[in-house]
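Structure, as structure tokens:
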Amino acid sequence: MGKSASKQFNNEVLKAHNEYRAQHGVPPLKLCKKLNREAQQYSEALASTRILKHSPESSRGQCGENLAWASYDQTGKDVADRWYSEIKSYNFQQPGFTSGTGHFTAMVWKNTKKIGVGKASASDGSSFVVARYFPAGNIVNQGFFEENVPPPKK
């Protein structure tokens, strides 16, 4: 297995998240060393199997998780931009969880405070990225999406 997430990569992911979050008027995230470690460990596990799948919820406590895979070495901004691009499929008039918008909603979830990031390269050169969010977003209780995923400010 190859390269792991660098401080620069983690900061790129954080910066992009916080720029997008500012557009929605929600507080910035802070990098968390513990979440970075956990995300890094899981990205390395994904790279070793070359299978992209979410970790069991029981193994990540109250954390949410976004995953990304590419056949090349991804930048932090590339990953965040791809996740955020799901906004085009999100219906702010009928807020809620859908599988095609979950990366976007996790990124801008208002009540999330911390993020951890991991990146690992597989033997074939592909890269696996894991973002862990605390506390988790995408909670489907009544009114939670309306409260936590505001539309971008004009």
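Every residue gets a Cβ built from N, Cα and C, even glycine.
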> Can you check which of 59-66, 91-98, 99-106 Swiss-Prot lists as region 'Interaction with CAV1'?
Replying inline: 91-98
>> Need the matching range: Swiss-Prot marks coiled coil on one of 9-29, 30-50, and I'd like to know which.
In response: 30-50
